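Visitor: First, the structure itself, so that you have it in front of you.
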Amino acid sequence: MGFLKTCVFRRNACTAVCFWRSQVVQKPSVRKISTTSPRSTVMPAWVIDKYGSNEVLRFTQNMMIPMIHYPNEVIIKVHAASINPIDVNMRSGYGATALNMKRDPLHVKIKGEEFPLTLGRDVSGVVMECGLDVRYFKPGDEVWAAVPPWKQGTLSEFVVVSGNEVSHKPRSLTHTQAASLPYVALTAWSAINKVGGLNDRNCTGKRVLILGASGGVGTFAIQVMKAWDAHVTAVCSQDASELVRKLGADDVIDYKSGNVEAQLKSSKPFDFILDNVGGSTETWALKFLKKWSGATYVTLVTPFLLNMDRLGIADGMLQTGVTVGSKTLKHFWQGVHYRWAFFMASGPCLDDIAELVEAGKIQPVIEKTFPFSKVPEAFLKVERGHARGKTVINVV
């Protein structure tokens, strides 16, 4: 049924990684992992061997099962995963320069050694193995997580993640439902809470505008803003208006029915704007913020990774710094805050999100599910855009 593995860990690494967790579990020093076949050291996975279009996706039965290398890591048996736009972009090589620097800061490896690369950021599954310093989880726990993009992804039978990136799955959700949330939820949480400074204590009555409201990030953002008693205006297409209203949006603007800027002129100013669209949006959106009141515009569409792909690490970071610095200063003098936000993997934040889920304040929004054998079709679905929620992969 399985095999035994004994791992030697770096004793001085991350000894306090789970200080924010209160529950302690006891683990034996040698544990057992159940795999697809007896004595197996390989697993099924979807990988890419080079960057490109959908044809580069390849199914293999021979991907090496991940090993625990640090004492704060856990191995999860993947029950469900999901496809995000970042996965489609990474398949095509987006962000490769910066992500490879994160994978190999000393540039020891030669170019292309990130392959075979497994995509997929979301996971809901069961803990199979725990590092020696993991105290909050034990084998058999049902968990969910979002894996940082520089790590091997979740479109495989097993995935290894840091313990501080993992959270106990909400009991009210199936694995399929749970896999739809972590990446988009943490991205929205980063923008709204960590960067925007909004929370359940200061959000009541705030006027919030969400641009690109019908995708994964937008549908989560609507729900968390309504859970915190904000007034939400959602911008999406007409065919998504019923969805966002069901999620709690107070006002809905159809961007296809006319100029959004013109439609917003009759609205009161906003305290917070979340931009999932980018492009020319920021050239007009900020003027709808309340001036000199602490109002904030946060965009999730930034040139950070593209700059490094195009200019290299040093010049790309310099260009990025100049861009965000100049825009921040420009809008500061106009009485509003301009900010960028990014996905941040965080088990503690997922704990907070799980509480909202269990309280019935957050519902997963799933547009379509695919079996593990249909991963390429799922990528094409996400690549076509116009999402009405998430695309989920049932691995088990």
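Glycine too: its Cβ is placed from the backbone N, Cα and C atoms.
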Visitor: Hey, Swiss-Prot has NADPH bound by SER214, GLY216, VAL217, SER237, TYR255, LEU300, ALA341, PHE343, HIS386, ALA387, ARG388. Any idea which of ASN193, ASN199, ASN276 it lists too?
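Guide: According to Swiss-Prot, the candidate sharing the NADPH site with SER214, GLY216, VAL217, SER237, TYR255, LEU300, ALA341, PHE343, HIS386, ALA387, ARG388 is ASN276.
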Visitor: Helix, strand or coil at VAL217 (NADPH binding site), per DSSP?
Guide: helix
Visitor: Applying a 10 Å Cβ distance cut-off over all chains shown, what neighbour count does TYR255 (NADPH binding site) have?
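Guide: I count 17 other Cβ atoms within 10 Å of it.
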Visitor: Enumerate same-chain residues with a sequence separation of six or more from LEU300 (NADPH binding site) and a Cβ-Cβ distance below 8 A; give 'none' if the list is empty.
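Guide: Non-local contacts for LEU300 (NADPH binding site): THR187, ALA191, VAL217, LEU274, ASP275, ASN276, GLY278, TRP340, ALA341, PHE342.
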Visitor: Using only the residues recorded as binding NADPH (SER214, GLY216, VAL217, SER237, TYR255, ASN276, LEU300, ALA341, PHE343, HIS386, ALA387, ARG388), report the maximum Cα-Cα distance in Å, whole number please.
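Guide: Result: 26 Å between the two most distant Cα atoms.
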Visitor: Say we define neighbours as other CB atoms within 10 Å of the CB. Which of the binding-site residues VAL217, ALA387 has the fewest?
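Guide: Relative to the other binding-site residues in VAL217, ALA387, ALA387 has the fewest Cβ atoms within 10 Å.
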Visitor: On the 0 to 100 scale, where does the mean pLDDT of the domain 'Enoyl reductase (ER)' (52-393) fall?
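Guide: That stretch averages a pLDDT of 97.
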